[in-house]
Amino acid sequence: MSRVYNFSAGPAVLPEEVLKEAADEMLDYRGTGMSVMEMSHRSKAFAGIIQEAEADLRELMHIPDNYKVLFLQGGASQQFAMIPMNLMKNRVADYIVTGQWAKKAYQEAQKYGKVNKIASSEDKTFSYIPDCSDLPVSPDADYVYICENNTIYGTKFKTLPNTKGKTLVADVSSCFLSEPVDVTKYGLIYGGVQKNIGPAGVVIAIIREDLITDDVLPGTPTMLKYKTHADAGSLYNTPPAYGIYICGKVFKWLKVQGGLEAMKERNEKKAALLYDFLDQSSLFKGTVRKEDRSLMNVPFVTGDEKLDAKFVEEAKKAGLENLKGHRTVGGMRASIYNAMPYEGVQALVDFMAQFEKENL
Ligand code: PMP
């Protein structure tokens, strides 16, 4: 067996321990005589899996009792519609547009009401996070929306926007569980798990109870009401059972690692190794304003498209995979999620130094 260092932005690297455990349990999950993929979502064994997953996530994130944890489907993209359908009581919402995913959410919300773009960093290809300390938040806004970590551009909100009392909704797909968060600052935190937590197909939404109501926009499908899933403990219909099982294993892995404080420390060390290299390199350079740099997604360029392509190709040969930047921006991007070991980033930096010597 040979595993590569996988820098994919998502689906992405998972902890090897988790994959091995899942492999060991594949044919016979703890004496049930079947795989988790084969068991009823109403079975006792699966009830244990989903309840334990929720309890561990609550512990990791210190989720207060007045928040529900929902395991949903449809990808993070489905939330772009589900959020306005459920939360837009006044049919007004404010969006901060810091990248393609925020922009998509902003565009989708326009189907449902008056949507204001109260800040944006599109003027400089989303290479920074705008100052959000005193934005023109709409007095009747139902919520203020952010994408907290911008996967494609590699920026991250280091301070949350001042929402002037309005409910904050955040897409944390690419920074989920990468560092501690104060859940009480948000009305809704959600993300697809396929970057930092598990296999594609599961979306986790952490939502304050007062936001879960029957008072949704007319025509909202049953499956797209948070209340449907909250009332049924995420078992209204067949959930993405195997994905939830793997998420649960990753939560346990995170607890063994020392929780989110320890992850933050590790992630900062990994990111610093790469950013410090970029800052002194004569060939490679980072594309993001320093103070807004993401700990998870690190984009960089050589300034020469041909050389970028050569780098990606040679890196792959050296066992460093998926370093090509997003198809809309080009260049390179190293995604260094929780499960990417320090050694992986070290191997990347060593390779970059060698490449620089040979190509400068
Ligand atoms: N939000 C962010 C921040 C993302 O990075 C992505 C996917 N890469 C999405 C939303 C869309 O996720 P999905 O493919 O699960 O719909």
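Cβ coordinates are placed from backbone N, Cα and C, and glycine is handled just like the others.
When the candidates D134, D171, D210, D214 are compared with the pyridoxal 5'-phosphate site entry in TrEMBL, which names A76, S77, W101, T151, Q194, N237, T238, the shared residue is D171. Among the binding-site residues R42, S77, N237, T238, the ones whose Cβ sits under 6 Å from an atom of ligand 1 are, in sequence order, S77.
Look at A76 (pyridoxal 5'-phosphate binding site): DSSP puts it in a helix. In this structure the residues listed as binding pyridoxal 5'-phosphate are A76, S77, W101, T151, D171, Q194, N237, T238; their two most distant Cα atoms lie 30 Å apart. When secondary structure is read from DSSP and collapsed to three states, D171 (pyridoxal 5'-phosphate binding site) falls in the strand class. A simple way to gauge crowding: the CB of T238 (pyridoxal 5'-phosphate binding site) has 10 other CB atoms within 10 angstroms, across all the protein chains here.
Take the CB of Q194 (pyridoxal 5'-phosphate binding site) and look out to 10 A: across all protein chains shown you find 23 other CB atoms.
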